[in-house]
Amino acid sequence: MKSKELNLHTLYTQHSRESWAGFGGHLSIAVSEEEAKAVEGLNDYLSVEEVETIYIPLVRLLHLHVTSAARRNQHVNVFLKHPHSAKIPFIIGIAGSVAVGKSTTARILQKLLSRLPDRPKVSLVTTDGFLYPTAELKRKNLLSRKGFPESYDVKALLEFLNDIKSGKERVEAPVYSHLTYDREEGAVEVVEGADIVIIEGINVLQSPTLEDDREDPRIFVSDFFDFSIYVDAEESRIFTWYLERFRLLRETAFQDPASYFHKFKDLSDAEADTMAASIWESVNRPNLYENILPTKFRSDLILRKGDGHKVEEVLVRRV
């Protein structure tokens, strides 16, 4: 039976916003409105009420997984007579469409997890830095496919994750500039001594094709994850958020002469909407249906958003 014929929803317990809020228990992590606003993505929305209702229970669940993994690793190291093995970070993957709010979810989780009683060190890395540089994309004739699986240096991403899970003390990731639409030459994101690492990106639950992996062992990015989250919403909502974000960028970042999109700064509202819709239909929508949405049920937890970026339902995988 093909996977698309399976009712994969049965793999998950489903929780309404109201019932999920009750799982926060006695965990209390203070977050001010200013702090919530500071981690918002462009055109995203995050209130203290959203933090308390959705993210505090999620952090409590994640903490259970983190502590359980630490105990298991300790027992295995004793069994193998390696009681002083290197610290292995717990890795959380966050996936979902462009404009769905992954970055906001990643940043608020980083803030909340770092405020747990044991004060873990939490690092956040986005996979944007692993996009091939623009010059390389042009050379490979992939610029129009930017964001699709083939536009990422997956080998470098896998090496980065392998170093983390191998206990390497200091690991570096390339940094991406949304202003120049390219890697920042010479800039790196350093992961050093982390207890938890969050990896955020549209591609993190995707698997390579047989052709891509013909020469190498079939290792997926998600093989390195201890827990994965998919941020979900109806396509119509995501498109609306994308359109609104494009308008805001035209009024802000596009005005900067250093912006890759500076040439679009004087577009009228109608012209901006037309361009955004064209990009959505030619790039983001196909990528969503071909590569991102099919990975949803590979995640351990799904955050399903409704109007205003508010999470309406949480699905937690049973196995």
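From the backbone N, Cα and C atoms, a Cβ is placed for every residue, glycine too.
Residues or ranges marked as ATP binding site in Swiss-Prot (evidence: sequence analysis): Gly96, Ser97, Val98, Ala99, Val100, Gly101, Lys102, Ser103.
Apart from Gly96, Ser97, Val98, Ala99, Val100, Gly101, Lys102, Ser103, the ATP site neighbourhood in this chain, defined by C-beta within 8 angstroms of the site C-beta centre, holds Gly41, Ile202, Val231, Ile238.
DSSP assigns Ala99 (ATP binding site) to coil in the three-state reduction, placing it in neither a helix nor a strand. Among the listed binding-site residues, namely Val98, Ala99, Val100, the Cβ with the most fellow Cβ atoms inside 10 Å is that of Val100. Among the binding-site residues Gly96, Gly101, the residue whose Cβ has the fewest other Cβ atoms within 10 Å is Gly101.
Sequence-distant neighbours of Ser97 (ATP binding site): residues of the same chain at least 6 apart with a C-beta under 8 Å from its C-beta are Ile202, Val231, Ala233, Ile238, Asn284, Leu288, Ile292, Leu293. When other Cβ atoms within 10 Å of the Cβ of Lys102 (ATP binding site) are tallied across all protein chains shown, the result is 24.
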